[in-house]
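A.B. asks: Sharing a structure, written as structure tokens. Questions coming.
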Amino acid sequence: MASAKDAQPAPEKSLSSDPQPEPSKKGARFWLIFVAISLTTFLAALDTSIISTALPTITADLGSESLYVWIIDAYLLASTATIPIFAQAANIYGRRSLTLIAVCIFTLGSGLCGGAHNTAMMVGGRAVQGIGGGGILTMSEIVVCDMVSIRERGMYAGIIGGVWAIAAVVAPVMGGAFAQNISWRWIFYINLPIAGVSLVALGLFLKLSRPPSGTFKEQMSRIDWGGSVLLIGSVTSIVLALSWGGSEHPWSGWQTIVPLVIGLLALVAFFAYQGAPWLREPTMPLRLFSNRTSSTLLVISFIHSLLLYWICYFLPVYFQAVKEASPTRSAVMLFPIACTSAPAGVAAGITITKTGKYRVWHFTGFVLMSIACGLFTLLDAQSSTGRWVGFQILFGVGTGTVFTSTLPPILASLPDSDVATATGAWTFIRNFGSIWGVAIPAAVFNNHVNHAAPKISDSSVKSLLVDGGAYEHATQHFIKSLSPNPDLKTQVIQVYLEGLKVVWQVSLAFCLLGFILCFFVRSLTLRDELNTEFGLKEEKPNSNNMSSEEGVVRD
């Protein structure tokens, strides 16, 4: 059990005066579990964006043109809203059972989507997938945190972050390839054998300890039902507003403003409720935000996730509308971010494990991202491949180092008993940031296009681009259709470039905000010992006592 001492982080010590022990060697069982967790993380990350390039084919086949947005949003909504719930339930029902349940739910959702014959079944399947995906993302981080010490977590977080980055970037390419060459249904069916292998491996090797949690009635009474309802309602309203804004309805319309205000008020009510004295186990306890380091790093994680999605959603606009790349080609053109963020994150994690120092990676990451976002403003129709590749490399290295270096110090500033809730909060805030990382630049882009559109001489083309139409028409097909009129094509591309320039400028402001926040993070000692009630059970032959902790039961 965590002691009061665990809750008080100590200042970072000099390595020369206090040498740290080498990390313990991991056996085959550990690596089998870690590979299985990484595979499920890859699948959950893959399904956040794999349908983006295949969506036109799916909607045409199912006849769901008017509801296409929900094929995307159902997954995002379900995964984000259920993350803190899985984190809390992991403390009550154990890590192993929740991990297996999450993988099973995700697999079921994949099967439903692959076999969908109408839009309702597809949206329902995506929602089921999202619940499982949110659980996988949460439980994978929690289980890894229970298997290694805080000091070692940076390295493994870097690997998982690399898996996520690679999946997010290759997903559109895979989706387009399946839709064009085989069938869009295999976008979902491919998950079944991979998830099945992971499920078997986790079932066989993921044997964890957990403390007694009482009777079924006692377990149910520990769940924060009120907080869960408020959080799900809040996320649902906010996602609705951000999905409708600028597309179905104008940002200034009541259809957008009302659900957005309701969602934000529900979020405020959720956090107020989390501080209620009668609440036994809050979904997201306020103590997670009670110290400067954890609260600052959670905000930094929000900004980092926002920026990652910001860039990954709007660079394809540049590639397709300005460089006239196909959707699949534009996805390939994003590879520099994935190919650099993954190794950079792993390298930063290894360094953190060896030295215990993490603040330098916060500063380094935001400096590199700031430089990259500033350089993005220089991109135009004549920019060489070397330019947009080089700028992405800077951003990829920066985003990889920040991702790896945020969770370990958050956990170091809190008692070990808060591992699950803190990890769940970190994962939720990252997902929540990704929602705004698409909505904010979209609003900025659409607003500037509306102001720049009068420069377009053709009124019919102008009408296609205003009020949110520019993002929808940022395609190779649309731009090439203007080729018979070179002057008009140049005008349209210039409007896109002006809108994108403002998008990059605003992203730079968020990078600088993240950099400033880095100064508020304290240097803490990353604990070398693993102190948890939910750790990996040691195989002890000829012994019925499978845990050194009295009262610990099999999960």
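Quick reminder: no glycine exception, Cβ is built from N, Cα and C everywhere.
Pasting the feature list from Swiss-Prot:
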type: REGION; residues: 1-23; note: region 'Disordered'
type: TRANSMEM; residues: 31-51; note: transmembrane segment
type: TRANSMEM; residues: 67-87; note: transmembrane segment
type: TRANSMEM; residues: 130-150; note: transmembrane segment
type: TRANSMEM; residues: 159-179; note: transmembrane segment
type: CARBOHYD; residues: ASN181; note: N-linked glycosylation site
type: TRANSMEM; residues: 186-206; note: transmembrane segment
type: TRANSMEM; residues: 225-245; note: transmembrane segment
type: TRANSMEM; residues: 253-273; note: transmembrane segment
type: CARBOHYD; residues: ASN291; note: N-linked glycosylation site
type: TRANSMEM; residues: 297-317; note: transmembrane segment
type: TRANSMEM; residues: 332-352; note: transmembrane segment
type: TRANSMEM; residues: 393-413; note: transmembrane segment
type: TRANSMEM; residues: 425-445; note: transmembrane segment
type: TRANSMEM; residues: 501-521; note: transmembrane segment
type: CARBOHYD; residues: ASN545; note: N-linked glycosylation site
A.B. asks: Take the C-beta pairs under 8 A between the transmembrane segment (332-352) and each of 67-87, 225-245, 253-273, 297-317, 393-413. Which stretch has the highest count?
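C.D. replies: That would be 393-413.
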A.B. asks: Can you tell me which of 67-87, 186-206, 393-413 gets the most C-beta pairs within less than 8 Å of the transmembrane segment (225-245)?
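C.D. replies: The stretch with the most contacts is 67-87.
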A.B. asks: Let me spell it out: for each of the glycosylation sites (ASN181, ASN291), count the other Cβ atoms within 10 Å of that residue's Cβ, using every protein chain shown. Which one has the most?
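C.D. replies: It comes out as ASN291.
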A.B. asks: What residues in the same chain, six or more past the boundaries of the transmembrane segment (31-51), come closer than 8 Å to it by Cβ-Cβ distance?
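C.D. replies: Hits for the transmembrane segment (31-51): 58, 71-72, 75-76, 79, 99, 102-103, 106, 110, 129, 132-134, 136-137, 140, 143-144, 147, 156, 159-160, 163-164, 166-168, 170-172, 174-175, 184, 187, 191, 194-195, 197-198, 201-202, 205-206, 536.
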A.B. asks: Between ASN181 (N-linked glycosylation site) and ASN291 (N-linked glycosylation site), what is the CA-CA distance rounded to a whole number of Å?
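C.D. replies: Here the two Cα atoms are 53 Å apart.
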A.B. asks: With a Cβ cut-off under 8 Å, give me the same-chain residues at least six positions beyond the ends of the transmembrane segment (393-413) that come close to it.
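C.D. replies: Beyond its ends, the transmembrane segment (393-413) has Cβ neighbours at 9, 141, 145, 150-151, 153-154, 157-158, 161-162, 165, 291, 293-294, 297-298, 300-301, 304, 307-308, 311, 336-349, 352, 358, 361-362, 364-369, 371-373, 375, 419, 422-423, 426, 514, 521-522, 524-527.
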A.B. asks: Run the contact check on the transmembrane segment (297-317) against the transmembrane segment (501-521): 3 or more C-beta pairs under 8 Å, excluding pairs closer than 6 in sequence.
C.D. replies: yes
A.B. asks: As a test: from 67-87, 159-179, 186-206, 253-273, 501-521, pick the stretch that has the greatest number of Cβ pairs under 8 Å with the transmembrane segment (130-150).
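C.D. replies: The stretch with the most contacts is 67-87.
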A.B. asks: Are there at least 3 C-beta pairs under 8 angstroms linking the transmembrane segment (186-206) and the transmembrane segment (425-445), leaving out pairs fewer than 6 apart in sequence?
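C.D. replies: Answer no, regions not in contact.
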